[in-house]
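Peer 1: One structure is given below, represented as structure tokens, and several questions about it will come after.
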Amino acid sequence: MENREDLNSILPYLPLVIRSSSLYWPPRVVEALKAMSEGPSHSQVDSGEVLRQAIFDMRRSLSFSTLEPSASNGYAFLFDELIDEKESKRWFDEIIPALASLLLQFPSLLEVHFQNADNIVSGIKTGLRLLNSQQAGIVFLSQELIGALLACSFFCLFPDDNRGAKHLPVINFDHLFASLYISYSQSQESKIRCIMHYFERFCSCVPIGIVSFERKITAAPDADFWSKSDVSLCAFKVHSFGLIEDQPDNALEVDFANKYLGGGSLSRGCVQEEIRFMINPELIAGMLFLPRMDDNEAIEIVGAERFSCYTGYASSFRFAGEYIDKKAMDPFKRRRTRIVAIDALCTPKMRHFKDICLLREINKALCGFLNCSKAWEHQNIFMDEGDNEIQLVRNGRDSGLLRTETTSHRTPLNDVEMNREKPANNLIRDFYVEGVDNEDHEDDGVATGNWGCGVFGGDPELKATIQWLAASQTRRPFISYYTFGVEALRNLDQVTKWILSHKWTVGDLWNMMLEYSAQRLYKQTSVGFFSWLLPSLATTNKAIQPP
């Protein structure tokens, strides 16, 4: 175990120690967890006030810094004042002991994880490790192990002093509870209730699936590539109502992400990304080992189970009870829920119309929408040559894991892996122009909406167009676009149908967007992109304006 590169990269961010090839909790933490696992009659943890003291003691045993008083007070506030006595008693009699028992198993769960990590996908590293910036790779975690990781977060047992230097997001729940105490809101309570419901479900029946977390990296194409693209535009489905997470297909679901995965999920945030992390809490596990994203990176998470229903958004967000996730499993025992985190430019204002910003956004979406999974899912094809196994790629066009690590005893034959210095233009040709064969994936489109258009301040018409271009270039069969009733997109269906009827290519639409953006930048026009593209829309819209 001590010689595993993956374990050594993540160990500084775990509360465990390694001795004689085994992982352990420090003895005093074991004592505390054992007492809690036997219920309040042994541990005396029967209230929020006592729970916060137990958390304080365990953190001190781990030589961690003391939590802010507001965080400790948040635990007491929730369990002693906010929730009713019956629910609180259930938590201290059943849930807290079950979570403590789970944490006692945490070292052995991790050991089993690393023992199996090299056997999931032949030639691909899948063990838990720090996936640093510009380090493409994939991590497979069992839902049971994720439950243990989130239990660590609940008890604030992850070391937190060393995370900032690696640009890692927060992972403990102290800020979540501090925010509840400092400035109470129903939306903040509802976020915590989503997580409580997850733990209640987990403790009643431990899930047996797998969740994968992948850092994707692209060699970003230049503007000339986009201008010359002759790829046909994919189908465009407009939904004035509904939610991305309720889409009926097996489409890739877009997380309007912060560059730090999860954004404000574990503090006060409560918009699209944060809500998704609350109703699918297993997403939070990625915040442990995935540092912030660079411009040419995206994070794709497959298999996260949804546990909660909700209503509202932002300040009106409310937990609305149990959700039973009926998504089918893939061959890796992951639910067929694919979520991709892509971060938009923040408050671009007029900068949004600059070529460099448009290029950044379209390449970010391109990275997110590339279907890398079809590459490594079909990499289990080998032929023996003496004592060496040589990996074969079934289809040269499917070598999508451009920079994903391979285990040392396997030698990939595709030319990209053999020559990491291959010119970017050739990479673009190999992976973006050739694309991915979607004949067997007719429902494998992209479900998205107003990415980067809320608090980030992006232009909805441009962002819709950019995502359409990226989805088309990556050979996605369709884009399902949820407008959430944004007025600027009232003509989106009409515009996309008109463009498709004229058989425009990706290059055609990209060039028109560049021309429009230049005019906006130099104040030669003030109308929106769709009205500029189809002047008749501007006339129609004026005609229907109320007096």
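Here the Cβ of each residue, glycine as well, is placed from N, Cα and C on the backbone.
As annotated in TrEMBL:
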type	residues	note
DOMAIN	84-215	domain 'PARG helical'
DOMAIN	224-490	domain 'PARG catalytic Macro'
ACT_SITE	D255	active site
BINDING	N258, Q272, Y313	substrate binding site
ACT_SITE	E273	active site
ACT_SITE	E274	active site
Peer 1: List the helix, strand and coil residue totals of the domain 'PARG helical' (84-215) as derived from DSSP.
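Peer 2: Breakdown, helix to coil: 78 helix, 13 strand, 41 coil.
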Peer 1: Between the recorded positions D255, N258, Y313, which lies closest to E273 (active site), Cα to Cα?
Peer 2: D255
Peer 1: Just to confirm: which same-chain residues, 6+ apart in sequence, have a Cβ under 8 Å from the Cβ of Y313 (substrate binding site)?
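Peer 2: Expected: C270, V271, I275.
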Peer 1: Radius 10 Å, atoms counted are CB only; among the active-site residues D255, E273, E274, which position scores highest?
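Peer 2: The residue with the most neighbouring Cβ atoms within 10 Å is D255.
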Peer 1: Rounded to the nearest Å, what's the C-alpha distance separating N258 (substrate binding site) and E274 (active site)? Just drop the number here, would you?
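Peer 2: About 10 Å separate the Cα atoms of these two residues.
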Peer 1: Provide, as an integer number of angstrom, the distance between the C-alpha atoms of Q272 (substrate binding site) and D255 (active site).
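Peer 2: So the alpha carbons of Q272 (substrate binding site) and D255 (active site) sit roughly 7 Å from each other.
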Peer 1: Using all protein chains in view, find how many other C-beta atoms are within 10 Å of the C-beta of N258 (substrate binding site).
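Peer 2: A 10 Å sphere around the Cβ of N258 (substrate binding site) contains 22 other Cβ atoms.
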Peer 1: Limited to the domain 'PARG catalytic Macro' (224-490), I'd like the whole-number average of pLDDT.
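Peer 2: Computed over the domain 'PARG catalytic Macro' (224-490), the mean pLDDT is 80 on the 0 to 100 scale.
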